[in-house]
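First up is the structure itself, then whatever we jot down about it.
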Amino acid sequence: MDTRRVGTAVAAAGLSSFALLYAPQPVLPQLAAAFRLDPGSASLAIGMATGALAVAVLPVAALAEAVGRRRVIVWSVVVSAVLGLLLPLAPSFPVLLGMRAVQGVAIAGFAGVAAAYLADQVGAGRLAGAVGVMIAGNSVGGMLGRLGTGFAAGPLGWHGALAVVAGVALACALFAAVTLPRTPAAEPGTRRTRRTPAPVAYT
């Protein structure tokens, strides 16, 4: 198994997921102004997604045991990125919050499955390095999501800023989707799949 390929693909998926998770943070004041909210209410744009992720991560990890971890990761990153592109079109704040909740559930597919997927693909000897690469991708994604939105919000407003970050996230998601290896070890119903735990890849 090409460990570098697996690590790069999972890092790209993590970058996409965590960029989307934290992208609205720099534009919370603009959201508050656009939807006539107080700062606490505007912060729900972050809290709704992270809360949904926390609630969904274990059920989604269990689902991956039945349908396959690679499939869950691919659906996770693609759906969350598409929702990110639709987010600027939200006509009201409640709709935006609903979309963020669904996005959080989608991101849970990566967060709850990625480490176990890596364990299947690279084995115990190379797992620590692969997980390190994944965590680096998560951290860089969270940073770039905030910075990208913050810098783009000036010339483009919050709508354009979120769309830019979502576009980059979608590119990373598609890269991950075509690069993640498809191997019998990652498929549902195998002995190794049943015995490998699904730790949370969250940062």
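Counting begins at 1 with the first residue displayed.
Quick reminder: no glycine exception, Cβ is built from N, Cα and C everywhere.
If you look up TrEMBL, you'll see 1-203 marked as domain 'Major facilitator superfamily (MFS) profile'.
Positions annotated as transmembrane segment by TrEMBL: 45-65 (among others).
Residues annotated as transmembrane segment in TrEMBL: 72-89 (among others).
The annotation transmembrane segment is assigned in TrEMBL to 101-119 (among others).
Using a Cβ-Cβ cut-off under 8 Å and counting only residues 6 or more beyond its ends in the same chain, the transmembrane segment (126-144) has close neighbours at 3, 6-8, 10-19, 21-22, 114-115, 118-119, 165, 168-169, 201-203. Here TrEMBL flags 126-144 (among others) as transmembrane segment.
Summarising the annotation, TrEMBL assigns transmembrane segment to 156-178 (among others). Distant neighbours of the transmembrane segment (156-178): 9-10, 12-13, 15-17, 19-20, 23-24, 26-27, 30-31, 34, 73-74, 77-78, 80-82, 84-85, 87-88, 141, 144-145, 148-150; these residues of the same chain sit at least 6 beyond its ends, with a Cβ under 8 Å from one of its Cβ atoms.
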